[in-house]
Amino acid sequence: MNLTNTTTSPPPLPPPASFLKPLPPLISGVPDSIVLVILPIAAYWVLSLFFHFLDVHDLLASYRLHTPAEVLKRNHVSRREVVRDVIVQQIIQTIVGLAIGVSEPEEMIGGEWWEIMGLYSKFMGDWRYKLVEVAYWYLIPAARFWVAIFIMDTWQYFLHRLMHEVKWLYKTFHSRHHRLYVPYAFGALYNHPFEGLLMDTIGAGIAYKISGLRIRGAMTFFTFSTMKTVDDHCGYALPFDPLQYFFWNNAGYHDVHHQGWGIKTNFSQPFFICWDRWLGTQWTGGDVSARYAASREKAAEQLAKDGITPKQKENITASIPQKGVSPTAYMNGEATNGLKPRIPNGKPKAQADGSRRQVIDIDGSSVLREEQNEETAAENVRLRTRVNGSVR
């Protein structure tokens, strides 16, 4: 029945109950409240296993931010522990998600025409009515989606930064996530359960409630946020990945935050970097190529000391050209006088010193020795660069 052509007078609000009916489930026989909690978890493991497949079969190796040797030698937690803690967080996430789904009123359809006409009846039969329809069906949902993104970014930035600024919070909760100095995809939600509940689950729930997203919009938002978080920890700088192409807050950006010299910078997550820019917490030390090269070398040396055979070493520690991180000068990003692996003075030095202090407080002097060894290795990279003209 085409109600648009039956009258030009404003319809009654709310619409008659006879026109309302429950929204049909997205998947027949499965309530949307169940799909709401299943989709993000399914997306997490499907995307994580895709990147894990790339790791295992050494595909797209030239786009890796770190070598397999670094994953083995620099991380302070086993993959088994990571999987266990991620599953714990997802169980908590499921319980909270189901509670939200049960508490929400059943979404009804059939009253949309009344909602539009109750506000814009004067446009009836006018071309402007079509604009109102476009706004109602597309522009307003898109605006709600972006509001949800901004709220989640804001919540996570300030809570994430607080976890780093307050020593007790970092030591008790957030330091667990930073046992992964070399992030990989399925470690994206490796957190202390309380931190995961507060930062991820509750943060997403608040964004959903305040933005006014409806159930299908919430499915998209939660799933998209999960995929973005996994991609940020994937360990690959992929120029053809849309999640990395359209967002500056990507795997390369967040990886700096996981390094011992950048841990108190680049707090923004998971979408935009505006809060880092507005509040001056973005990494300012320029190109990090020399540090990444030094880290690769150090991991290779440690494997050699562990008795890895030359063939094994060749397979897992081959030098990888960094397409995601430009091999230009480290200092200020300028390609002059070869690589400058030491962090420049001023704000970059203060950022790195603060990062190191936080790491040392938790992991002890061994990390400081590791940093000093990386400095030495980086100097060797610089010297070879003068001779060879590039970093491989």
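Including glycine, each Cβ sits where the backbone N, Cα and C put it.
The transmembrane segment annotation in TrEMBL covers 33-54 (among others). Below 8 angstroms of C-beta separation, residues 25-27, 60, 86, 90, 93-94, 97-98, 100-102, 104, 184-186, 188-189, 215, 218-219, 222-223, 225-227, 230-231, 234-236 of the same chain, each at least six residues beyond the ends of the transmembrane segment (33-54), sit close to that stretch.
Look at TrEMBL and you will find 135-159 (among others) tagged as transmembrane segment.
The feature domain 'Fatty acid hydroxylase' is assigned by TrEMBL to 146-281.
Annotated region 'Disordered' per TrEMBL: 320-392, in sequence order.
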Segment-level pLDDT (mean, integer) for the domain 'Fatty acid hydroxylase' (146-281): 93
